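Worksheet: the structure to be examined is printed underneath.
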Amino acid sequence: MNINTNMPSINAQNSLSKIQSALPKIMAQLSSGYQINSAADNAAGLAIATTMSSDVRAFAVSINNANDGISMVQTADGAMSSINDTLQDVRALALQAQSGQYNAQDVKNMQEQADALLSTIDTTATQTSFNGQKLLDGSFSKDIFIGTGPGDKSIKVDIANMQVSQLGSDSNANLASVMSPQAAQQAGQSNGGQASLETNPSKAINIIDAAMNQVNSARSSLGALSNRFESSINNLSTASVNTQAATSRIMDTDYAQATSDLQKNLIKNSATISMLAQANVLPQNSIRLLMPWGS
């Protein structure tokens, strides 16, 4: 039996120190909801979770980019749909002019209507924009980034020019040639009247049909782009959910386990304090045993 060195007390104090060091950590886990609150808790886990959290934010940005891409495509497609409707109206006028049932004044009136309609196509082509960027004037060519880091993939978006000078069978017989010379000149074109409703309605119909085919082809391309964006959003959303779940497994507190650990350590804390009190009494009891009777 040792009197100078109270090993039971030392062991009890050591156990109590460990328990009381663990309690704040467990309480922090329960109060914060995270099992890792500092690098000291789990340095490797914190590093991995931080990287995953960065990926989740990157996924969110890419999803927003893809959604913006869809909105942009829808804006362009809506404008092209309007252009297509206008071309159908011009074609109907050309068919009337070709029928031979109308006098020169009637055909002239039809030409004026056609000129006005074709002018609206140019207006639509030059004014349609998304986030301040013109979409249908031939200037739009962008790479929409949908990745999470350098070198990741992007979707190339090129939108066809929808101006009257670019629609039709070829550069010499475009939609501008369906306009009257005066209207074409106002549009900055010099080939007006070559296939107007007054001079050659049959050729005008062919040019209009070619223009409609171009518009439909451009709309098909936009539809394919929209599908790619939607597919990317689905893939990014799945990746984001999986990454968040993985981050949660690393970072989030298991409340059942943490509550159990807290109760266990509280009980051990109380028991160890009691044992420490008993251990501190042992040397005194030993001294009493060695003292002479009656002392």
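Cβ atoms are placed via backbone N, Cα and C, with glycine included.
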Among ranges 111-132, 177-198, whichever one TrEMBL labels region 'Disordered': 177-198
Secondary structure content, the domain 'Flagellin N-terminal' (3-140) (per DSSP, counts of residues): 106 helix, 5 strand, 27 coil
Secondary structure tally of the compositional bias 'Low complexity' (180-196) (DSSP, helix then strand then coil): 6 helix, 0 strand, 11 coil
Model confidence over the domain 'Flagellin C-terminal' (205-290), averaged pLDDT: 83
